[in-house]
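Q: Quick one: the structure is below, questions incoming.
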Amino acid sequence: MELTVNGAGRSVATDLSVADLVSDIVAHPRGVAVAVNGEVVPRADWPARVLRDGDRVEVLTAAQGG
Amino acid sequence: MSFELGGQTFTSRLILGTGGAANLHVLEQAIRASGTELVTVALRRVGTAPGSTGGLLELLDRCGVRLLPNTAGCHTATEAVKVARLARDAFDTDWIKLEVIGDERTLLPDGVELLRAAEELVADGFTVLPYTSDDPVLARRLADVGCAAVMPAGSPIGSGLGVGNPHHIRLIRQGVDVPVILDAGIGTASDAALAMELGCDGVLLASAVTRAADPVAMATAMRYAVEAGRLAAGAGRIARRFHALASTPDAGRPEL
């Protein structure tokens with residue numbers, strides 16, 4: 001299925017969870033937050049939250065900022 | 001010299017932003033030189049913005065500073081509230097520097113959206129530190145809805161223009177009973193000292209240090225400026241006079 005992850009298209013296996021996707025993208029999930037279709041998905045819900053075709057996922061972390 | 005902010009005690013009254021530093025090495029040296037205990041970070045897509053490729057959180061750990069996530073770049077209350085909740089999830093802190101921008105050229109805040117977001121986040125248990133304009137009425141409204149501090153801009157973010165309206169900063173200080181942190185516009189040490197002399201409880205700055213030719217030297221200068229300004233504010237300065245008043249007495253002057 002097709003996702004949009006941080007603004008870019010990404011083909012992934014079906015039934016991928018948010019936790020799976022995060023571990024594909026970052027080595028350590030510390031300091032990472034996720035939103036799916038504009039809604040916050042709390043860390044505790046990552047394993048159970050299965051992604052759907054067409055989902056827009058934001059995977060965010062700390063960056064330099066004032 | 002210590003002060004309370006959001007129920008925590010800090011020794012340093014300088015809050016440092018991490019935006020604009022050329023690299024993490026310089027940033028770490030500047031943080032250490034500044035003596036700050038509270039440092040802002042933004043939330044951005046993994047691997048895109050400076051610092052988001054890893055190492056920033058570890059650096060802040062090493063420096064032993066507390067994290068203050070911001071909602072930089074948000075233009076509506078809805079967006080800012082979401083970013084605050086994402087930051088809480090990412091960094092395990094309910095502290096948030098709330099920014100809701102209302103104008104692209106000046107990056108001045110949108111007071112209506114800011115107040116709305118502040119109200120919602122306070123109700124959700126956040127310790128809200130709002131970046132606001134130098135409007136004393138808006139500052140009071142933000143304090144009234146339960147913000148832990150108010151953080152008026154001295155002048156636009158990154159402008160280095162210093163404190164544009166000292167009178168309003170004084171009025172804000174008199175009008176609220178939460179800490180007032182001068183946030184944005186600081187260019188050099190005298191700006192930070194002035195903010196403290198006006199009665200501010202602290203200063204938040206980023207560009208003045210991170211974009212200085214020598215960030216570590218400027219971080220050191222800011223550390224002393226904030227301390228000097230605070231001391232001067234409490235020291236009872238002399239009244240301004242139009243003409244001179246000799247400090248050396250006339251009495252006992254020899255006749256030659």
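Each residue's number is its place along the chain shown, starting with 1.
From the backbone N, Cα and C atoms, a Cβ is placed for every residue, glycine too.
Curation plays no part in TrEMBL annotations; they are all automatic predictions.
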Q: Taking B:GLY158, B:GLY175, B:GLY199, B:GLY229 as the options, which does TrEMBL list with B:ALA184, B:GLY185, B:ALA206, B:SER207 at the 1-deoxy-D-xylulose 5-phosphate site?
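A: For 1-deoxy-D-xylulose 5-phosphate, TrEMBL names B:ALA184, B:GLY185, B:ALA206, B:SER207; of B:GLY158, B:GLY175, B:GLY199, B:GLY229, the listed one is B:GLY158.
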Q: Round to the nearest Å and give the CA-to-CA distance linking B:LYS97 (active site, schiff-base intermediate with DXP) with B:ALA184 (1-deoxy-D-xylulose 5-phosphate binding site).
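A: That separation, Cα to Cα, works out to 12 Å.
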Q: Going by a 10 angstroms cut-off between Cβ atoms, which of the binding-site residues B:GLY158, B:GLY185 has the sparsest surroundings?
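A: Comparing Cβ neighbours within 10 Å for the binding-site residues B:GLY158, B:GLY185, B:GLY158 has the fewest.
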Q: If you count CB neighbours within 10 Å, which one among the binding-site residues B:ALA184, B:ALA206, B:SER207 has the smallest count?
A: B:SER207
Q: For B:SER207 (1-deoxy-D-xylulose 5-phosphate binding site), which DSSP three-state class applies?
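A: Once the DSSP labels are grouped into three classes, B:SER207 (1-deoxy-D-xylulose 5-phosphate binding site) ends up as helix.
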Q: When each of the binding-site residues B:GLY185, B:ALA206, B:SER207 is checked against chain A, which show a C-beta distance below 8 angstroms?
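A: Cβ contacts with chain A under 8 Å: B:ALA206, B:SER207.
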